[in-house]
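As recorded in TrEMBL, the features of this protein are as follows:
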type	residues	note
BINDING	E:Arg87, E:Gly125, E:Thr126, E:Arg127	phosphate binding site
DOMAIN	E:11-141	domain 'Exoribonuclease phosphorolytic'
DOMAIN	E:159-224	domain 'Exoribonuclease phosphorolytic'
Protein chains: 6
Amino acid sequence: MTRNDGRQPQQIRSFSVTLHPNKYAEGSVLIEAGETKVLITATVEERVPPFLKGQGKGWITAEYAMLPRATHSRNQRESAKGKLTGRTMEIQRLIGRALRSVVNLNALGERTITLDCDVLQADGGTRTTSITGAFIALALAVHKLDGTVKFDRYPITDYLGSISVGVIQNQPVVDLNYEEDSKAKVDMNVVMTGSGAFVEVQGTGEEAPFTRSELDGMLQLAEEAIIQLVAMQKEALGTAGVRIGGIGV
Amino acid sequence: MTRNDGRQPQQIRSFSVTLHPNKYAEGSVLIEAGETKVLITATVEERVPPFLKGQGKGWITAEYAMLPRATHSRNQRESAKGKLTGRTMEIQRLIGRALRSVVNLNALGERTITLDCDVLQADGGTRTTSITGAFIALALAVHKLDGTVKFDRYPITDYLGSISVGVIQNQPVVDLNYEEDSKAKVDMNVVMTGSGAFVEVQGTGEEAPFTRSELDGMLQLAEEAIIQLVAMQKEALGTAGVRIGGIGV
Amino acid sequence: MTRNDGRQPQQIRSFSVTLHPNKYAEGSVLIEAGETKVLITATVEERVPPFLKGQGKGWITAEYAMLPRATHSRNQRESAKGKLTGRTMEIQRLIGRALRSVVNLNALGERTITLDCDVLQADGGTRTTSITGAFIALALAVHKLDGTVKFDRYPITDYLGSISVGVIQNQPVVDLNYEEDSKAKVDMNVVMTGSGAFVEVQGTGEEAPFTRSELDGMLQLAEEAIIQLVAMQKEALGTAGVRIGGIGV
Amino acid sequence: MTRNDGRQPQQIRSFSVTLHPNKYAEGSVLIEAGETKVLITATVEERVPPFLKGQGKGWITAEYAMLPRATHSRNQRESAKGKLTGRTMEIQRLIGRALRSVVNLNALGERTITLDCDVLQADGGTRTTSITGAFIALALAVHKLDGTVKFDRYPITDYLGSISVGVIQNQPVVDLNYEEDSKAKVDMNVVMTGSGAFVEVQGTGEEAPFTRSELDGMLQLAEEAIIQLVAMQKEALGTAGVRIGGIGV
Amino acid sequence: MTRNDGRQPQQIRSFSVTLHPNKYAEGSVLIEAGETKVLITATVEERVPPFLKGQGKGWITAEYAMLPRATHSRNQRESAKGKLTGRTMEIQRLIGRALRSVVNLNALGERTITLDCDVLQADGGTRTTSITGAFIALALAVHKLDGTVKFDRYPITDYLGSISVGVIQNQPVVDLNYEEDSKAKVDMNVVMTGSGAFVEVQGTGEEAPFTRSELDGMLQLAEEAIIQLVAMQKEALGTAGVRIGGIGV
Amino acid sequence: MTRNDGRQPQQIRSFSVTLHPNKYAEGSVLIEAGETKVLITATVEERVPPFLKGQGKGWITAEYAMLPRATHSRNQRESAKGKLTGRTMEIQRLIGRALRSVVNLNALGERTITLDCDVLQADGGTRTTSITGAFIALALAVHKLDGTVKFDRYPITDYLGSISVGVIQNQPVVDLNYEEDSKAKVDMNVVMTGSGAFVEVQGTGEEAPFTRSELDGMLQLAEEAIIQLVAMQKEALGTAGVRIGGIGV
């Protein structure tokens with residue numbers, strides 16, 4: 001099988017990370033995966049949602065949106081429609097949940113960090129790229145916060161990366177672009193920690209069900225890809241003097 | 001490990017199915033999984049959504065809601081809030097997508113079948129129980145429709161069942177009730193066809209990431225449970241004279 | 001005149017009451033009037049709406065909804081529309097107002113009881129059946145509450161029943177089903193206490209105005225019917241050990 | 001019993017009617033009942049709602065609103081809230097329904113007349129005053145329309161008036177002002193045709209139930225009052241050359 | 001150039017002011033500019049918006065709406081649409097901002113005055129007429145408030161008037177009516193204080209851009225007109241015993 | 001007076017323009033004015049809004065939004081609020097109106113061009129910078145369209161630039177940044193064509209009214225600045241081979 005952009009099945013696209021594209025946010029990153037571009041800011045606020053008040057715990061939440069012309073044809077703004085689509089809600093719930101899995105909310109204390117993931121241009125993999133990039137923005141914000149708060153326990157417990165996998169012509173492939181995504185019979189998003197544990201596994205075979213062996217093949221590709229993404233995170237954060245965790249992380 | 005209701009890890013709750021609880025709907029079922037009770041109706045309409053018009057294809061969609069006091073404390077109605085929550089949208093998108101995987105939309109022709117899944121009482125597993133029950137209501141409606149339309153190709157291609165699995169005290173368990181759900185470190189929903197292929201795999205380790213071995217253990221339990229649920233569907237539908245597919249289905 | 005289901009003009013449909021269909025609610029009932037089926041839960045909460053705060057008084061409120069396929073054809077969910085229809089608002093205001101007429105809100109103390117009336121299947125008379133059933137759910141909840149609170153004065157002061165009446169072919173008839181409702185020239189709903197006083201009289205002659213004599217005929221039928229419904233309430237509540245009021249009630 | 005403004009129990013307030021306060025509308029009236037002032041316009045449009053398309057029938061509908069400071073304290077605008085209250089919906093449904101009872105929609109043809117009832121100042125009885133005034137605006141609009149359309153059958157079949165009645169200190173009284181309304185134990189609105197038939201009877205005993213004899217007393221007062229209001233309508237419309245119906249109307 | 005109603009380019013329409021049309025509001029006025037009629041009430045409330053709490057400052061805000069049939073054809077109510085149009089928001093922000101420019105919010109103390117401007121009939125110039133009239137209603141309310149509060153510094157610092165100007169057939173004209181407005185190539189609204197300083201200058205040349213000399217011509221006409229409007233305000237307020245400011249105002 | 005960033009009163013910030021930042025849009029530009037950054041896309045669609053159907057005319061419209069963390073503190077998304085703020089509506093109406101003033105809508109034909117202006121980072125002047133940048137994106141899109149449509153008359157008739165001016169310490173200054181904007185007593189936005197005519201003049205003296213002489217001073221600065229911005233547009237568009245109009249434009 002030849003992929004439409006000449007990649008090998010197990011080959012991810014070219015990823016790039018630009019730190020601090022926003023001068024106001026506590027943490028920010030522009031992450032690019034091929035032609036997919038997501039601008040992410042992390043905002044720290046000294047308050048928590050009502051359901052957490054007075055418990056000494058913090059909160060991590062995410063919002064996700066696409067600019068109207070991030071895609072081939074223009075989409076109506078959700079602000080003009082007056083409500084979020086189910087797809088948007090699903091994605092931002094996923095991003096927030098994934099990030100919380102590597103944050104010790106008690107260690108964070110009564111503050112909220114909001115990750116705004118705005119897709120400037122979309123070419124497949126926007127939700128997984130948002131997670132991988134949002135982790136970097138979060139790490140920058142927590143690092144900055146640590147400068148003043150001096151955390152007893154460091155709130156971030158591990159790295160976190162995410163990638164999409166799928167099956168095209170019976171062949172598992174990784175990091176699908178938009179055109180590939182449209183013809184894949186299975187679509188799966190995987191989130192893993194730097195330590196190699198699963199945080200989210202979401203596979204959908206709407207076009208055609210998939211076998212256990214296809215599932216195993218996709219998980220294998222996802223694992224290898226996320227190892228590369230975590231290495232990229234370490235390098236990018238390293239240039240900003242940020243290092244997560246202790247031995248083995 | 002002892003489960004809070006005395007079940008074995010691999011043991012599903014007592015399921016029961018009541019056919020035709022609604023006198024107007026083209027198909028309807030009341031499905032009970034332990035104390036979880038979902039009333040499901042299938043409505044056939046001779047029209048399709050705008051994006052499908054004129055293509056000769058049909059559509060399957062689902063809506064999901066909980067009565068305000070389906071749970072321990074009362075929830076505000078979404079109609080009173082003026083919008084659906086992200087959770088509701090996520091669930092009804094999942095139900096529709098899962099059902100479409102076993103329907104040949106071309107064979108169905110330009111008509112829409114809407115599955116309304118209303119949870120009368122919730123004790124865990126409402127989304128998976130909705131899928132298992134909605135398949136029955138759908139099969140009843142298509143069977144009835146076949147009486148007048150006389151389909152060339154039968155639109156339903158396979159049975160479809162769904163169950164939840166999780167990890168409690170490092171032990172994979174199946175079909176969690178509400179109390180178990182609250183203390184599980186992983187929460188996974190699996191949808192499979194009668195032929196044993198995966199349609200949806202959605203695992204979330206918000207509380208704690210999970211290993212590949214835990215994932216494998218959960219998938220094994222899910223597979224065994226769904227075989228039992230499909231057998232139950234065959235029996236229930238059989239009493240109504242409905243039989244899906246040919247040899248081996 | 002022969003009615004479409006063979007009843008006499010003054011004859012109500014077969015009513016049945018199932019207590020405690022919901023295991024979480026403080027009070028619950030499934031009430032059936034012919035093919036009309038309403039599931040009702042009473043929820044007790046230890047708070048009152050803002051306009052009552054600090055006055056030592058309680059509040060009774062109601063919400064009403066129909067499942068999408070409760071009727072011949074499917075109705076769009078109000079949660080999907082994003083707002084309640086005028087009909088729904090009118091009905092739930094009526095139910096709440098009617099119930100409050102037999103509750104001493106000062107005796108109840110600063111708590112709210114919400115009656116959720118969800119119509120599973122509709123064949124005419126859903127609002128009046130909701131009132132008759134909601135009274136039972138309310139009585140169960142107050143009885144349960146009395147076990148812990150030990151009210152000084154019992155908050156419920158009388159029984160409360162409701163029925164619809166109309167004029168078909170110049171003949172007053174009681175408890176109209178859907179088909180009768182569609183052809184009646186007058187549509188009236190009456191709510192009365194166990195003591196025989198009127199709480200609500202709502203008659204509408206949109207199709208054709210009605211005379212004083214027709215009004216009197218309808219009121220007469222309503223009164224006789226409500227006496228039967230209150231007897232049914234006493235019997236049903238009696239099996240649960242609930243008895244309202246003192247001598248003569 | 002002495003009423004707070006010195007009136008007899010059976011005495012309505014001073015009513016006044018100003019025709020054509022609006023230069024654009026097909027019909028318009030400013031109606032005052034004591035300190036209650038309602039500005040009403042009738043708009044004729046050559047189209048009908050979707051559910052009536054192609055049936056050759058017309059439609060009459062009404063909208064009702066209060067200016068924010070029509071009352072003692074300011075109310076938030078419903079446009080700012082983003083939705084209509086239940087009270088507003090109930091009232092505008094009532095007004096539309098009442099007017100349709102005296103209009104032959106087939107005779108009207110495929111057009112819609114919308115009655116906008118905007119309360120400039122409220123001192124009790126705004127819904128009944130709106131109905132009485134809206135009838136006049138409707139009659140003016142139909143009269144004007146008749147000049148060009150030359151109706152075969154005149155679409156308006158009778159006059160229509162409305163008044164409120166209640167019980168204060170066990171005494172039925174008519175046309176309650178705001179202060180009386182607040183202390184009345186029963187609140188009833190009655191709509192009648194010029195021929196003396198009932199169109200709407202809506203009585204509510206939220207504070208205390210009412211007896212059959214009180215009901216009869218209120219209906220009697222309402223009937224006498226509406227006769228006076230219809231006479232006022234005839235006189236006001238007469239000055240504009242408008243006369244409804246034939247012999248005896 | 002001859003104007004469609006015979007006026008000179010520099011001639012404003014006939015203005016009239018009726019004080020106290022509303023018996024509840026702290027200040028109220030009915031202002032008419034030709035056929036444009038706006039009913040304005042000022043409501044005083046002893047609270048401020050959240051962003052001002054605890055600062056000892058007051059707030060002035062405005063709301064603007066048109067009755068549905070204020071214009072040639074009926075407009076849908078914004079309450080029925082569920083949201084305000086951009087035009088309404090723009091106008092009410094303008095009115096509030098303009099009035100605040102002549103109010104010392106510190107002197108006012110922690111209270112809010114809301115100006116409700118409801119257009120009963122529209123024939124051009126509704127936003128400028130609202131500002132001119134709202135100043136009068138505001139002045140009446142502050143005067144009344146001063147009777148009980150006894151302000152140290154009087155909160156109103158100057159008179160405030162507003163007018164529209166435009167260019168028709170290359171000729172600057174003042175106070176355009178609806179028909180003129182439709183054919184003007186430039187549309188400008190000016191707000192000035194009694195002392196002759198500018199508060200708002202909003203000119204729009206959507207149909208055709210305008211020159212500096214046309215701009216100067218329009219500003220000249222606006223200034224002359226506002227001097228007349230302020231004189232009218234002084235006279236009207238004088239009859240109610242209200243006088244703003246000291247020497248030279 | 002010294003400005004906070006060392007500029008002269010008549011000196012605009014450093015502007016930069018990046019063409020084609022988006023690979024899907026028919027025209028796109030990233031415009032930076034100091035630290036203010038706006039990403040703008042032009043989308044061409046072969047349809048017009050309902051009010052223009054069948055007239056052979058086109059339409060230009062604009063939408064404006066700020067990313068949540070474009071400013072010092074995070075703003076809630078308008079999509080999450082469910083509605084646009086008045087400020088957003090005002091700005092996007094302004095942008096659309098301004099652009100239409102230099103487009104011959106008849107020459108454009110029945111198509112709509114939507115300019116999406118998304119503020120990535122805000123440091124004052126976002127609305128004027130949006131207009132200046134949107135003109136470039138529009139010109140790119142029309143140029144591209146001309147390649148296939150071959151317009152008889154070129155739809156764009158002139159260049160269009162916009163800048164803010166204000167008064168700080170009695171000194172008119174141009175192109176205010178956020179900090180200057182906060183302390184300016186007057187805030188004015190000016191839009192002019194390449195030929196030097198005014199399209200919009202919007203001045204607001206909420207903090208303090210302004211004199212005619214201050215107004216003249218601000219208009220002078222705006223004119224000089226816009227000449228520079230138009231020169232910048234010509235240069236940027238020139239590199240893409242786009243040239244508007246004939247001699248003298």
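Including glycine, each Cβ sits where the backbone N, Cα and C put it.
Remember, TrEMBL labels are computer predictions, not curated facts.
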Phosphate site, defined by E:Arg87, E:Gly125, E:Thr126, E:Arg127: further same-chain residues with Cβ within 8 Å of the Cβ centre | E:Tyr64, E:Ile91, E:Val119, E:Ala122, E:Gly124, E:Thr128, E:Thr129, E:Ser130
E:Gly125 (phosphate binding site) - helix vs strand vs coil (DSSP) = coil
Within 10 Å of the Cβ of E:Arg127 (phosphate binding site), how many other Cβ atoms are there?
-> 22
Who sits close to E:Gly125 (phosphate binding site): which same-chain residues at least 6 apart have their Cβ under 8 Å from its Cβ?
-> E:Arg13, E:Ala33, E:Thr36, E:Ile163, E:Ser164, E:Asp175, E:Leu176, E:Asn177, E:Asp181
Compute all pairwise C-alpha distances among E:Arg87, E:Gly125, E:Thr126, E:Arg127, the residues listed as binding phosphate, and give the largest one in whole angstrom.
-> 14
Taking every protein chain shown into account, which of the binding-site residues E:Arg87, E:Thr126 has the largest tally of Cβ atoms within 10 Å of its Cβ?
-> E:Thr126
Summed over the domain 'Exoribonuclease phosphorolytic' (E:159-224), the DSSP helix, strand and coil counts are 19 helix, 29 strand, 18 coil
If you run through the domain 'Exoribonuclease phosphorolytic' (E:11-141) with DSSP, how many residues end up as helix, strand and coil?
-> 42 helix, 41 strand, 48 coil
E:Arg87, E:Gly125, E:Thr126, E:Arg127: the binding-site residues whose Cβ falls under 8 Å from a chain B Cβ = none
